[in-house]
Amino acid sequence: MMQQEKQRADRPRDPPLLKSKGRKKTNRMKGKKQFVLIEAGFATPFFLRLHLLLSLPLRTIRPCHTIGLRAPFLPTGAHAREWLSPAMATFLAQKLADAGKKFLQHVAVVLVPMANPDGYEFSHTDDRLWRKNRRNTSKSECKGVDLNRNWSKSWGTSGSSSNPCSEIYRGPQSFSEPESRALRDLARVWIKKFTLFLSLHSYGSYILYPWSHTQTASARNRPLKNIARKITKYLKTNGYKNFLYGQTSSTLYQASGTSEDYMLTAGIKYDYTVELPGFSFQFNVKKIKSVSRAFWEMLVCIFGDIGKQKKLKEYCSKRIVKIMLEDGSSYSDWVDKEIPLDEAKDIVREKYKEKHKNKVQTTTAVNTSLPAATKETMGGF
């Protein structure tokens, strides 16, 4: 009973923005409900509609097996033309689904696969290089607000514009946009759980940390720098050697009203903006899987470094190996990276057979342990 009460106490509360009348427990992607009731357990990923925007919904995915875990927060697609980060998000979502309960009992991941759905759609249908959302502004000929200049930390100072026609237009006030408000409210719900914030952008190969609005270093500059160094090391190990790291304002440029600066102020200890590889917004589609895999391998290792759990750190030396079964379904498990792929698949097949064999034996044991009178009754059929 005490454990159940603790789980209820740990259950995240929904902010006012996410409430809708007659809350309904569901994990369906369709429907008009804006909120998914969160139940203890989290045996499978669920989809949460954060907000219905001009035409498209904003959703998040949270794969997790248990409650009360420390959680990384990964929003992607804030800038419409940066197609690589949402593509990577779908790869990461699949990896998290394949990771299994053994991994998810150590870490929960909050992944926002598309933070700017209206702008993203427009970049596909009308203007490939569109950056902002599609909000109407004071100038009818100029639409959109830069969602990464709309956060409240030092809003309206350096590195943003009051001109609605500018690509870095900050909006009429901080959090004027439903997209940034939705992410803010999601962060507020989980802020005591979040230990890592990685906002994915493109391009340039940078690992950036606060502050972005000033050249002054933050009080957490040293630990932020140490983890940034490790991130670049893991990416280099996986084939991406050109990443640079540093404070945003001195390494790239100054920008105010950013999610990065807001999250550090809100209390997230490890807080980064990642500029993914490439030399333009037109990323080579043939390399998406490669960079996504490298990023996933880095995440698994950095989760262990930040979480400081021995069991979680062990996953850094392993990889997920998936096999296809005769019925068309799949099964995956973690295997040491040093083991060749064909041999690793054989190991996973044996694990699956053993697991399936144990289930059959358990079922048989249950049947044979029935009372004699019950067996006779069953035999009478």
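Counting begins at 1 with the first residue displayed.
Just so it is clear, glycine is given a Cβ too, placed from its N, Cα and C backbone atoms.
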Checklist entry - What range among 1-30, 121-150, 211-240 does TrEMBL describe as region 'Disordered'? => result 1-30
Checklist entry - What are the non-local neighbours of E275 (active site, proton donor/acceptor), defined as same-chain residues 6+ apart in sequence with CB under 8 A from its CB? => result H201, S202, Y203, G204, S205, Y206, L208, L252
Checklist entry - Secondary structure at E275 (active site, proton donor/acceptor) (DSSP, helix/strand/coil)? => result strand
